[in-house]
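Chemist: Here it is, the structure in full.
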Amino acid sequence: MAPSLASGPADRIIVALDGMAPEQALRFAAQLDGLRWVKVGLELFVQAGPEVVAQLREQGLRVFLDLKFHDIPATMAGACRRAAALGAELITVHACAGSEALKAAQAAAVEGAQQAGLNPPTLLAVTVLTSWEEQRLQRELAIQQSIGERVPALAQLSATAGIGGCVCSPLEAAALRAQHPEPFALVTPGIRPKGSAVGDQARVMGPAEAIAAGASQLVIGRPITKADDPSAAFAACCTQLLGSID
């Protein structure tokens with residue numbers, strides 16, 4: 001089951017603590033007014049270790065652990081079991097790992113959370129990274145499907161395997177939501193509020209538009225973390241969501 005979402009805009013925004021040292025990430029998260037969710041990615045996790053999840057939870061925050069596990073079924077199961085026991089509420093796995101690995105990961109995540117006395121997390125299958133463009137997928141990976149074909153296929157594979165949601169570009173959110181009603185979670189990076197630079201994201205959308213398209217939650221990093229006034233930038237993102245949430 002997906003983590004419950006309150007009605008407020010702040011519950012829909014996950015701030016990515018990317019590019020920060022551990023102490024900086026903890027301080028930033030503690031000082032951002034109204035923050036509910038944070039994303040811990042590979043760089044921060046490798047530098048800080050698993051304890052960063054506990055430290056953020058001690059600050060009253062909910063954690064999206066974005067490590068994108070992609071391995072054989074037994075290894076993915078072991079990793080998800082331990083990630084769930086840390087208290088992460090959202091955990092990413094690669095859909096390309098295949099149905100056996102996804103099923104093993106899902107079962108292990110439930111087991112790990114139960115053993116730790118926690119509610120089971122939602123696993124999110126990564127479909128196509130938002131940095132990829134269609135021509136590059138064809139040229140570098142010899143994938144002949146269009147992104148519009150590949151993303152729904154991977155999402156369906158994941159849903160059939162029991163995964164509770166997926167990570168997708170906001171540009172694919174409407175099509176996926178039509179196929180997968182809530183509570184299937186759609187978490188979308190590639191969110192760029194009005195006036196923000198696109199950066200290394202190839203498939204982007206504004207916050208209100210992404211929610212209207214069917215996204216459950218939005219991952220926003222640099223437009224907030226690199227802003228002159230991060231709290232004001234976060235508040236502005238929340239304001240942009242007003243009217244987009246039922």
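Glycine is treated like the rest: Cβ placed from N, Cα and C.
Per Swiss-Prot, the feature substrate binding site maps to Asp18, Lys39, 66-75, Thr130, Arg192, Gln201, 221-222. The feature active site, proton donor is assigned by Swiss-Prot to Lys68.
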Chemist: How many whole Å apart are the CA atoms of Gly221 (substrate binding site) and Lys68 (active site, proton donor)?
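Modeler: Rounded to a whole number, the Cα-Cα distance is 17 Å.
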Chemist: Can you name the residues of this chain that are 6 or more positions from Pro73 (substrate binding site) yet have a C-beta less than 8 Å from its C-beta?
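Modeler: In sequence order, Ala97, Glu100, Ala101, Lys103, Ala104, Ala105 meet the Cβ cut-off.
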Chemist: Between the Cα atoms of Thr130 (substrate binding site) and Lys68 (active site, proton donor), find the distance and write it as a whole number of Å.
Modeler: 14
Chemist: Counting only residues 6+ apart in the same chain, whose Cβ is under 8 Å from the Cβ of Leu67 (substrate binding site)?
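Modeler: The list for Leu67 (substrate binding site) reads Gly41, Leu42, Phe45, Ala79, Ala83, Ile91, Thr92, given in order along the sequence.
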Chemist: Could you check what DSSP calls Pro73 (substrate binding site) once collapsed to helix, strand or coil?
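Modeler: Once the DSSP labels are grouped into three classes, Pro73 (substrate binding site) ends up as helix.
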